[in-house]
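Colleague: Okay, so Swiss-Prot annotates it like this:
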INTRAMEM  406-417  intramembrane segment
INTRAMEM  418-425  intramembrane segment
REGION    1-25  region 'Disordered'
MOTIF     418-423  motif 'Selectivity filter'
TOPO_DOM  1-218  topological domain 'Cytoplasmic'
TOPO_DOM  241-261  topological domain 'Extracellular'
TOPO_DOM  284-294  topological domain 'Cytoplasmic'
TOPO_DOM  315-328  topological domain 'Extracellular'
TOPO_DOM  354-368  topological domain 'Cytoplasmic'
TOPO_DOM  391-405  topological domain 'Extracellular'
TOPO_DOM  426-432  topological domain 'Extracellular'
TOPO_DOM  462-519  topological domain 'Cytoplasmic'
TRANSMEM  219-240  transmembrane segment
TRANSMEM  262-283  transmembrane segment
TRANSMEM  295-314  transmembrane segment
TRANSMEM  329-353  transmembrane segment
TRANSMEM  369-390  transmembrane segment
TRANSMEM  433-461  transmembrane segment
Amino acid sequence: MPMPSRDGGLHPRHHHYGSHSPWSQLLSSPMETPSIKGLYYRRVRKVGALDASPVDLKKEILINVGGRRYLLPWSTLDRFPLSRLSKLRLCRSYEEIVQLCDDYDEDSQEFFFDRSPSAFGVIVSFLAAGKLVLLQEMCALSFQEELAYWGIEEAHLERCCLRKLLRKLEELEELAKLHREDVLRQQRETRRPASHSSRWGLCMNRLREMVENPQSGLPGKVFACLSILFVATTAVSLCVSTMPDLRAEEDQGECSRKCYYIFIVETICVAWFSLEFCLRFVQAQDKCQFFQGPLNIIDILAISPYYVSLAVSEEPPEDGERPSGSSYLEKVGLVLRVLRALRILYVMRLARHSLGLQTLGLTVRRCTREFGLLLLFLAVAITLFSPLVYVAEKESGRVLEFTSIPASYWWAIISMTTVGYGDMVPRSVPGQMVALSSILSGILIMAFPATSIFHTFSHSYLELKKEQEQLQARLRHLQNTGPASECELLDPHVASEHELMNDVNDLILEGPALPIMHM
């Protein structure tokens, strides 16, 4: 690492790598750890003999950062009067000096700092050359902490490095938000009444594990497989019910054997979904929070059309007659037809058992700003190209499909999204030039937010996958610890604090290694 010499040049003085800065907590603001004065100097002196020749403090300063010695002229620090090194020049006593550094050797007039030597090497290069960049081998947030310690503003960073730092700060803010949500959820869970030792509490724990955690055991896996099977059956039944022959019978108010079988299948599926919804409601700890869940709202929207159809039917089936599924929608008109089409929402129930669908929902929630920017870009481009293609086609005398500017909006949408149905095609050369510009602009506009959305999707998928692996590892650990207690196996909240800490340590040892983030 190049270092300043006594005559203002750069030369290496000593290369010993000391200890780095302590780790900061991931979701807390950076805090400076108080050091024990006097220990760092003695620790360095034990390593090797350093050049103890005193320096002239009026012209230069001798500092030792992590075992590396630097000799800097005071004139190098004139541009940064608020930096930590510049403040050392104003100190008049040993007490004032140790407030700014970790230790001070009065014999050699050497200042000691227990900080990262690699980061300070970059700062030294910045003081000498005026260019400040991030270290590739160091976390951007750790480097930000080093800059704050030495009193160097982040605005001096190069533009590309500053953008990288801002992205890291946004990721940290998102992690802090998720952490707060997890803490609030855990607080809500700990507020429930302590009834675990009762038989009712044990039954609720078993039921909760079965309906919410398919990996908890054989009952949970069977319950999840049945739920997926009924969802697939409902989707197939809905598709078959739209066949032309069945639609003709429905329009005529008739019901054949096929229609009867479809109605029976639909009834069985709705009965299962209703039972599953009731079980989830019974085991829910917070009933109000249960009805606010997105998947629970989808369940209500998917199940209710069947019961609404039964309630509004004016001709209920009599005893001995075959109930007709189509007769329930015959006299309710378009509203019930739309409600019946909502049965396709059953497919969204697969999100309870699909990690990919859960990742998709989490990505949509995290990328609301990116989706908003995408819609904004499309709206601006559509507003720009629609009048242009309308004017180009109108002036050429070939106005066929482009009857107005609002009618041209549809053409701009399908062109910029590269769909191109072909129902509206510009015929003139100016119109075709506008179409070419619209298509190229659409490709660029769609590509800008897509990169960020893809990055968020990959990050969310790895995050959910890691949480699932940790949960499975914890369940395996609890099952292998022997007959601790049935209550502890069913509900982790009643486990002792010592056992929970052991579980966390086992997860760290068993799970795949993750990169350590220095803050």
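Going from the start of the chain as shown, residues are counted 1 onward.
From the backbone N, Cα and C atoms, a Cβ is placed for every residue, glycine too.
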Colleague: As a test of reading the model: what is the averaged pLDDT for the topological domain 'Cytoplasmic' (1-218)?
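Modeller: Across the topological domain 'Cytoplasmic' (1-218), the average pLDDT comes out at 69.
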Colleague: How about long-range neighbours of the transmembrane segment (433-461): same chain, 6 or more residues beyond its ends, C-beta under 8 Å?
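Modeller: Same-chain residues near the transmembrane segment (433-461) but 6 or more away: 355-356, 359-360, 362-363, 366-367, 370-371, 373-374, 377-378, 381, 385, 388-389, 392, 412, 415-418, 426.
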Colleague: Hey, which bits of the same chain come close to the topological domain 'Cytoplasmic' (354-368), Cβ under 8 Å, at least six residues off its ends?
Modeller: 174, 294, 348, 449, 452-453, 456-457, 460-461, 464-465, 468
Colleague: Please report, as numbers and ranges, the same-chain residues at least 6 past the borders of the topological domain 'Extracellular' (391-405) whose CB is under 8 Å from any CB of it.
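Modeller: Sequence-distant neighbours of the topological domain 'Extracellular' (391-405): 411, 423-431, 433-434.
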